[in-house]
């Protein structure tokens, strides 16, 4: 009976089905094909060719292939893929900075694809803003005017937009730099300006296009923490593009992995690491320290007959690494519970095995103890 | 170096097997050109003196063009094209010039100098104010104040109109690839056209005077305005534009708040270039009765009198420097403008105040008459250095110019045409080859074969000398940073000077001969060639140079095996630029004894009966320019042999 419970615990419920907020972005069957006569290619038989063959035959590149996903309000959604996988194109399609070839996009219920130029401008002005990899700051403007740019476009009076810009600048930790020019700031600070500019218009959705990949590793870590903090404090829906898996795992509540324009897997960090959908994803997550991503749920096992079931109790959601002190402090195996009922046990050897980060997936049930 | 060679015995003894596997031995690369030259030489020896096209002042095309001119003169006030369009254009442009000129002349001379200095202060502070003020004051000191103001008025009018048309077109071209593709060929033609070529049609349509001079100047000065503006707008960071659009900016908002401010510095450069081009053209426009300094210069050139033209020439150079500093100062990023209003205001007020105290005309006693002493110096130089200059001149004339000219004029026309076709095909491919051939045949049909061959001779000799000098200096500069630092300001100065200035020293040294034009064009064309070669060699990635050095290359090997091949495009571009510039100068050299087409153009303006010949000669210079450009430009566009091989593989 317990066996079944363990299996059931591993079946993480479908995140989209979780009743946690309304849909902020809804993308259905999105295609973007670059090249001559994209429409004809889309509806023709060549579309299923692999990218090289498609380019050879039609001169077209399918940058985004039939992508469907939903982002819930307030969620941090990460799109991850290598360069050329179409992730940057995808995020630009969301506000039609790049015109999609086919598909439906709804942002807060509004149909983006059929929006008139004026409606689209309104959407970009008030609801969705974007942070860019190379910052895209205007070198001829002071920091405060860069941050206020979006408001200036909306014809907000100068005093009002400067007041707002100063506010946002202190929010991102740049108070006192308002009168500098962008080239007087370091890369990390410049990207804070980019972040502030996107925040200043008080959007519902923020899009990040690889915002930190041009930064030094240490600064990148600071900025990631900054984004996590902002996400917690301002509670905006965020779509974050990155090619860095550790960044994706650190930030993402859910992650979509893209390859050749298509989404190959969409799930929580845990799901991706524990149950990669195919070899491509498996290859990606091979080097991830599993003990830092996976929870006890993925390594707990049915207790052996002679095992004592009076050890410490821990929640199934607990990250493996965080269970180390508890398992060290007690000779008994940890009892893993979810929703008040026992789903399995974990002892020192289980934890050690998980932390040794062996390349294959941990398969608790089939593992025999010698 | 030899020690290094002996120390490394580990050279692979056998060629790699891939080479051996090739079944057929290919002919060595030099065989085809050698055979080609031999065939041409054989044909020349057999057919020498036949099918030549000697010059005839009364050739049919000339007479026809004379008739056209007469018809236009008779119908200028009846034909609707003239009545409703061209005459109005002429009146409008002439009126604008009159207004600008009247405005500038209305300012008393102290006020003009002070206002310029004040503008300089406003734009860039004390130093710019000083340069601008002194530059304008020099007009008076040189005794050419009134003429300088005329030239300034003509330049400003032409620049104003050029910018009015050029900047919007440039912005448009910068934002639309289609527009860019549409106007680029037109700009190409405008830029390789030797300046003399515009003048004929200008006279035909706008008669002589300020209006036609303004239009001619515009044609010359508009391409940089469009091109550089387009480049500036095109180069604006795409992320900045995207960021602006993503925040919901309209096209107009993005243009005004992102494109234009970010392109401002480069657009200022476009304005600057436009002014510099206009300044060098207003002098040549004196041939069609443009008022101002140009007439002194043309007079001095045609009489080989350096003393007459030097004050005017210097005034133009100083005007160029003053305007250059003034305009470039406005491009400096975020200068503290406000603090300068006070000083500039005081300067301007002082100048206006002074104009009530000082005499209305610039007093003659404050002038410094440099003409007579300069003439003395030139005379002394000519007699003292006679042996040296004569020797140089004679060696070049007897050794290079005369044999080549004999060869070209005594060859049958079809042999020359064939040689051009084969050469162009080999270097640039089929389409440019036939374009070049077409140009050459058109020159023959215009009745200007012999004079074109004379001009071509001068151009070829000048180009060879230019390239030799340019390569040597460019390589030296690329190798020795200290030498480059020394040379750079000289090149900068040389490139901002109007073309004809180079005729001055040439004329002083060599009098009126063909070699004068050769010398002047070499001096004129070397700076850009040097710069392109230097930049090309310096542009070779440092890692490649390091790799070559670390595998033990000598400096010479590095140059021939790495730097020259990798800088190939830049060097070919340099050759192309050198040729176009040389041609322009050689044509102007017609004024100082170069003969050929340039002389025909000049006599077309001075003698009514030669109008047709002058007009045709102007067209012939364009055709020669296109021909030379096509022969060489293709080489730069075509992928290098290595790339071609890679594509086949």
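Glycine residues also receive a Cβ, built from the backbone N, Cα and C atoms like all the rest.
On a predicted model such as this, the values are computed, not experimentally measured, just so you know.
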If you look at how TrEMBL annotates this chain, which of B:1-20, B:21-40 comes out as region 'Disordered'? B:1-20
TrEMBL annotation of transmembrane segment - which of the ranges B:219-238, B:239-258, B:339-358 it falls on: B:339-358
Are there 3 or more C-beta pairs under 8 Å linking the transmembrane segment (B:153-173) with the transmembrane segment (B:458-479), counting only pairs at least 6 apart in sequence? no
Per the Cβ filter (under 8 Å) with a sequence gap of at least 6 from its ends, the transmembrane segment (B:128-147) is approached by 105, 109, 112-114, 116-121, 291-293, 295-296, 311-312, 314-315, 318-319, 321-323, 325-326, 329, 343-344, 347, 362, 364, 366-370
Given the transmembrane segment (B:30-47), its same-chain partners at Cβ distance under 8 Å and 6+ residues beyond its ends are 407, 411-412, 415, 418-419, 422, 426
By a Cβ-Cβ criterion of under 8 Å, what residues six or more beyond either terminus of the transmembrane segment (B:153-173) are in contact with it? 93, 96-97, 100-101, 103-105, 179-180, 183, 210, 213-214, 217-218, 221-222, 225-230, 232-233, 255, 259-260, 267, 270-271, 274-275, 278-279, 281-282, 285, 290-292, 319
If we skip the immediate neighbours and take only residues 6+ beyond the ends of the transmembrane segment (B:106-123), which ones have a Cβ under 8 Å from one of its Cβ atoms? 129-133, 135-137, 140, 145, 149, 322, 325-327, 329-330, 335, 337, 340-341, 343-345, 347-348, 350-352, 354-355, 358, 360-362
